[in-house]
């Protein structure tokens, strides 16, 4: 087929909507949504998404290389694969989003937004994921990797955020995340509106949001910084063994959320504060009218601080180290 990324950015449709090479069949399902299926039976179904935020281009470029290699027959495919470029309209504009943050709209939350292109797109992506996994065998292993970059710099340059899960995480999934070069893993303890929360909660997929560096425009990313995750993705898609991790990721869990509830909200952090900056117990983190948010534990670490979110949305997460796991590293 034509270049999938360029086709997505143009908003066009391919002349042929399905085809095959010697290793796989492909189907163009919608703008930015491509299904690739091996010509033989496989036990795994994998969703790889990127571009949910339109200014986070490095993951899109990483996925583009994989898709091109698959379509040219240069890379074997050992999983059913659904590739998603999440927000084509925002990607064209190099903006985080056009009207609203799509990664707060999944799990049906898109119904709360009227006349919002991101809400309509979230519904389309939910349907595509539903159809993809329903088409597979009930026993197949389901993984969802949602690739992002962070707005701010970070003490952990690359890290993963895992949604709430009621059952233990599969060991092979944890090993893969380590082999991808992630320096830290953050575990949510509550449900939310992210794409990975949707895939985990509704389809019992092993899901992770991978935060890979900082947001830059197309053509300005140094993809050599992501050598570990690029190799890990190739190995996963081609059915190879995990590359041994250089080090095990540090583990954190969410201790509290900072939410902007009114126009009087003030976040007591500078724009230069990095993700995973530590604050001691008793530190005033935010004010919102008469409400105050303080560090509750002996030490908490901030993640995704953003005072400019819309009212009602998350303005930051506070984390504590998961010492039970970290002592075993």
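Here the Cβ of each residue, glycine as well, is placed from N, Cα and C on the backbone.
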### Given Swiss-Prot lists 53, 56 for Zn(2+), the same-site residue among 99, 144, 148
148
### Cβ within 8 Å of the mean position of the Cβ atoms of 53, 56, 148: remaining residues of the chain near Zn(2+)
50, 51, 52, 54, 55, 59, 96, 103, 147, 149, 215
### Query
Relative to the Cβ of residue 53 (Zn(2+) binding site), which residues of the same chain, six or more apart in sequence, are found under 8 Å away?
86, 87, 90, 96, 97, 101, 102, 103, 148, 215
### Task
Round to a whole number and give the Cα-to-Cα distance in Å for the pair residue 211 (active site) and residue 56 (Zn(2+) binding site).
10
### Message
In the three-state scheme derived from DSSP, which category covers residue 53 (Zn(2+) binding site)?
### Response
coil
